[in-house]
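Structure first, commentary second.
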Amino acid sequence: MTKLNSVPGYRALVVARVISSGIVWVDFTLIFSLLSYHWHADAVTIGVASALYGLPGLLLGPFFGALADRRNPVTILIVSYLARCLSSVLLMVVPDVNLFVLLVFIKGLANLGASPAEQVIVRAMLSKEQFVSNASIMTTIDQLTKICAPLLGAGMASLHHPVAGFGFSAALGLAGTVCVGFLRKHVEMSKRNEASRQASRHLQALLSLLRDNGTFRMAFIAAIAQTAVLALYDPLLALFLKGKGMPTAVFGMIVSSTAAGAILGALVFKRIRSKSEQGTAPMGLAAFGLTVAVPGLLAVADIAIPAGVLLAFWMANGCFYGLTAMSFGVTMQQQCPPQTIGTVSATARSVQLAVLVLGPLAGAALSGLLGIPLVFVLSGVLAMLVAGALWGASQVRVMWPFQRWAIRRKRP
């Protein structure tokens, strides 16, 4: 039985995910809009704030993942929500921009416990057959929240004081604390035994799973390759559109199109994965690369691209990106030992963050050498090549047992 409504506590988990995602997007929107318009910060200050916001996840994410494996994840979620609430209140009353930037670092730190704790709870609460449906639901929630939550925060900021949006974020933190409290009686954590305490630490846990599990290895490589491709071209997207003579509004429409595409991907994910579990991630990666390479090729050939066509490309882009990302998430839940799911998920996220930090630097360097359109072409081709290699490797792995059987039959 894969119906999630019948799972005790699942609705509370969904509401908690809505709240958690809402906090992230409200905070992200408010932090950088207030730095620009309220604190009148310069580019260096905004860059430092951006680095400090992401730095905790890069450096400390695996530690919080291991903590979720070794302690009660519901308690970790409650502490995370309370820390988010407190940091939002402090951001409302902070007197100067330097303290504001310091609190941005604390805000990034407060966010860390939520994701690995949720992964542990999902693994404890659901069966393997339910992971696919859960991934579709959570992706849809994330994308809808990505669209709606910043609008609510910005609306509060415009109607009241500019920092009033953090009051909304703080209220969400309190609501999340109450909601997660209902999960205590539905999540059995007696499994957090000595096996969890002696589990492999941080990068070792991820490397062991990559070495020993070919299914996870394929999904992980696809996810990291997709993140690398995104990091190469995405920071250049606004300049790409400007070079094609597109108005500023098109950029915002493309962001919305990718979110709509991701929701579409969530709706069809279960059907696609049921046809080919291992093929979903490489297929999504290849199609994702195609949606990046084709606009780049058209730009290199100096062919006019109507705005509607670009929006269609990026809706498909969001759809295929979502298919690969969801496939990795489900594969991780199904293949990872339950005692290390928090550690592995957080360490994998740290690897993705490292790629997201380094990718834009490589993209900027390549754009200076080759031009922005060719960066799009190369990024898309890279995704398709990796996808092809993964598919080829999977076919070799499938055929190898049959080849060995045939060789044994030929022997006298």
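Just so it is clear, glycine is given a Cβ too, placed from its N, Cα and C backbone atoms.
According to TrEMBL, the features are:
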type: TRANSMEM; residues: 12-37; note: transmembrane segment
type: TRANSMEM; residues: 43-67; note: transmembrane segment
type: TRANSMEM; residues: 163-183; note: transmembrane segment
type: TRANSMEM; residues: 218-241; note: transmembrane segment
type: TRANSMEM; residues: 247-269; note: transmembrane segment
type: TRANSMEM; residues: 281-305; note: transmembrane segment
type: TRANSMEM; residues: 311-332; note: transmembrane segment
type: TRANSMEM; residues: 353-376; note: transmembrane segment
type: TRANSMEM; residues: 382-402; note: transmembrane segment
Per the Cβ under 8 Å criterion, with at least 6 residues separating them from its ends, the transmembrane segment (353-376) contacts 54, 57-58, 61, 224, 227-228, 230-236, 239-240, 243, 292-293, 295-297, 299-300
May I ask for the residues of the chain that lie six or more residues beyond the transmembrane segment (163-183) and have a Cβ under 8 Å from a Cβ within it? 9, 12-13, 15-16, 19-20, 22-23, 26-27, 29-30, 34, 38, 74, 77-78, 81-82, 84-86, 88-89, 91-92, 121, 152-154, 156-157
Below 8 Å between Cβ atoms, which of the listed ranges 218-241, 247-269, 281-305 makes the most pairs with the transmembrane segment (311-332)? 247-269
